[in-house]
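A.B. asks: Take this structure, written in structure tokens, and hold onto it; I'll ask about it next.
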Amino acid sequence: MFNNPDFSDIATCDLEEPKNSIKIEREQVKLEKRLCREVGRAITDFNMIEEGDKIMVCMSGGKDSYTMLDVLRKLQKRAPVKFELVAVNLDQKQPGFPDHVLPEYFKSIGVDYHIETQDTYSVVKRVVPEGKTTCGLCSRLRRAILYKVADELGCTKVALGHHRDDIVQTLMLNMFYGGRMKGMPPKLVSDDGKHVVIRPLCYVPEKDTVRWAQYQNFPIIPCNLCGSQDGLQRVAVGELLREWDKKFPGRVESMFRAMGHIVTTHMMDPELHDFKNAKATGIADPNGDMAFDHEEMPVSASLPGLQVVQLSS
């Protein structure tokens, strides 16, 4: 019986040292090590993969799903447990979808795969009024179909290609437009209780999947074939975060880390903390006096010319 196998020590995957000392080759090797390390760490931290698992790797044809499949295959060769991978693509019959691209790629790398063809595009276009967003219904239909395919293939886990930036964007979207603090969990059980969904790229920043896709020259399929205008809010938030990270490097990473360090007593959710019955007990509380303290934050190195004067008390 394997309990939370450790993938974090196989960061080198099956790397070969670059034959030449060209800068781009060194960068590629460093990036591959980093991707394997971060995915391995996520798998270990959240016990994503266990002995005998059959992982359904959901493939959209975008940079993130290609990167996820590539890294999982590399980790599979040296993992402390045995598991299977099957790449699955849902062909929703969107106009112009190049249905030959993914099968040809899967055959070229020798991975088991399944193409599920379901014309959800026509259903969505028929049901959703003109000018309204189609992504919500499309997503629900796609999820139901993929769960059915997972059952048919005997898969124990469903792997999605959401990366760190997707998770932070989702948190911000829910805060800005939904009035709640909710992101994307690294691992969850589906609503019907039958499927475990994992996000192996949860520690990986988007810039790394972009760069890796460029290095590997993956045959990318565009994500706008359906013509939907949904996601404008997500695009806007994504641009905001990217611009913010340029001005204040490390802020997006800090926001991501914050999602794993929730101080429930300092939020406002009565379901998480009993504020109504909070009373003085006479027992010292290390967080108690902080209610009156101004919390000191590190000064950003990206603010040139700012001199911080330390005042003596």
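Cβ coordinates come from backbone N, Cα and C, glycine included.
What Swiss-Prot lists as [4Fe-4S] cluster binding site is CYS135, CYS138, CYS226, and the listing cites sequence analysis. If you look up Swiss-Prot, you'll see 60-65 marked as motif 'PP-loop motif'.
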A.B. asks: Could you check the binding-site residues CYS135, CYS138 and say which one's CB has the fewest neighbouring CB atoms inside 10 Å?
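C.D. replies: Comparing Cβ neighbours within 10 Å for the binding-site residues CYS135, CYS138, CYS135 has the fewest.
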A.B. asks: DSSP-wise, what's the residue breakdown of the motif 'PP-loop motif' (60-65) into helix, strand and coil?
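C.D. replies: So the motif 'PP-loop motif' (60-65) is made up of 3 helix, 0 strand, 3 coil.
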